[in-house]
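Look at TrEMBL and you will find 126-425 tagged as domain 'SAM-dependent MTase RsmB/NOP-type'. Sequence annotations record features per position, and here TrEMBL assigns S-adenosyl-L-methionine binding site to Cys234, Ala235, Ala236, Pro237, Gly238, Asn239, Lys240, Asp258, Asp285, Asp305. The active site, nucleophile feature in TrEMBL is assigned to Cys359. As annotated by TrEMBL, region 'Disordered' applies to 429-466.
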Amino acid sequence: MGLYAAAAGVLAGVESRQGSIKGLVYSSNFQNVKQLYALVCETQRYSAVLDAVIASAGLLRAEKKLRPHLAKVLVYELLLGKGFRGGGGRWKALLGRHQARLKAELARLKVHRGVSRNEDLLEVGSRPGPASQLPRFVRVNTLKTCSDDVVDYFKRQGFSYQGRASSLDDLRALKGKHFLLDSLMPELLVFPAQTDLHEHPLYRAGHLILQDRASCLPAMLLDPPPGSHVIDACAAPGNKTSHLAALLKNQGKIFAFDLDAKRLASMATLLARAGVSCCELAEEDFLAVSPSDPRYREVHYILLDPSCSGSGMPSRQLEEPGAGTPSPVRLHALAGFQQRALCHALTFPSLQRLVYSTCSLCQEENEDVVRDALQQNPGAFRLAPALPAWPHRGLSTFPGAEHCLRASPETTLSGGFFVAVIERVEVPSSASQAKASAPERTPSPAPKRKKRQQRAAAGACTPPCT
């Protein structure tokens, strides 16, 4: 199934209430789920505009075999998307016969409403807010390349590298073809908002991972050294897993669990593209995994990013209006599951360090879950101070909560997020020779802005060309 047909199917499913965009995208079996998800979200956001243009242009009357949802996707791509650049096949030819009329109707609609920009046609609730103006964050996949070579590649494409950011204001000021290295995150490049890299050759080759700034925190703060055994408890879709593998340098073992077979299949594709070879995927409920299983006796690190309300995800507002305010009943159910998962993770006998994270803004899923888990394990674990330079800390709901991290579009230029780093107070004797806790990561030297001479020495990072 092609991209446009897949997007039309997801739209039809959403409108008939068969599921959310994200759920239907993952069940579609389309390989590039991020590309499909972005197309569906944007088409739905402009749905009313597209309906008006299609109706006034008489497209469905002229093309009687064209289904409404597919027509909407195609017209979005023609008028508001990429314009079928480099593809489109028969759909490009079909829409080409109506292109002049469709463009004229869009222009007429703008005149009628007294606006000049496409996004000004949106209803107030659908217009881009601060979240849509977030920078594009791109993690360099060190399993395949290095930051220096990626920077050089973009410079050869006409981008201007500005060095390491010194503040959030540097990120806010990004425009055009300028880009930076993040001030706190190693190997995280920052481009202006709305920069689309889904078709970039480095992304398609697995050299780049499109990952939000806050989403890079969990693996970075867990910081397992090469050779470690790690559990990724609720692993799909896999960006954090690939980040863990990069930190491990593919040395050691990642046990990755998820209950959704289709999400795991998509995750396997993502990990293969990223060059991950140290991960063992399992279609299994983490709560059913036995801590006494000999396979996990050397697990010293656990990343737990459980299902949550997603109230911090900017994209959720596009697919589920009101997603930022989950109901009390749903919050109670989610928090109960999250607490069970966290308490279960803390029973692994060799565990030294755990990172708990959510993409939720709700205290019930964040500080409350961490507080209750620590109270159920008195004296055994503690909250570890994490990334002191991070500006947004946990809510002061219990002593030590300031060690937790929060993120939001307003304070950190990222999606909404929560992270807590939990360490065992006394390292078990069986793991006494292992590293008790990962040291605070300090930013690596930024790639120099000055044009470097071509490296010829053997062993230098190979250019990430396709």
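Cβ coordinates are placed from backbone N, Cα and C, and glycine is handled just like the others.
What TrEMBL says about a protein is an automatic prediction, not a curated fact.
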Query = In Å, rounded, how far does the Cα of Asp285 (S-adenosyl-L-methionine binding site) sit from the Cα of the residue listed as 'active site, nucleophile'?
reply = 20
Key: Euclidean distance between Cα atoms of Cys359 (active site, nucleophile) and Cys234 (S-adenosyl-L-methionine binding site), Å   = 13
Ask   = Do you know which of the recorded positions Cys234, Ala236, Cys359 has the most other C-beta atoms within 10 angstroms of its C-beta?
value = Ala236
Count of other CB atoms lying within 10 Å of the CB belonging to Gly238 (S-adenosyl-L-methionine binding site) = 26
Inquiry  = Please report the distance from the Cα of Lys240 (S-adenosyl-L-methionine binding site) to the Cα of Cys359 (active site, nucleophile), rounded to the nearest angstrom.
reply    = 13
Remark   = Other C-beta atoms within 10 angstroms of the C-beta of Asp285 (S-adenosyl-L-methionine binding site) total 13
Ask   = Which whole-number value in Å describes the distance between the Cα atoms of the residue listed as 'active site, nucleophile' and Ala236 (S-adenosyl-L-methionine binding site)?
value = 14
Ask   = How many neighbouring Cβ atoms, not counting its own, are there within 10 Å of the Cβ of Lys240 (S-adenosyl-L-methionine binding site)?
value = 26
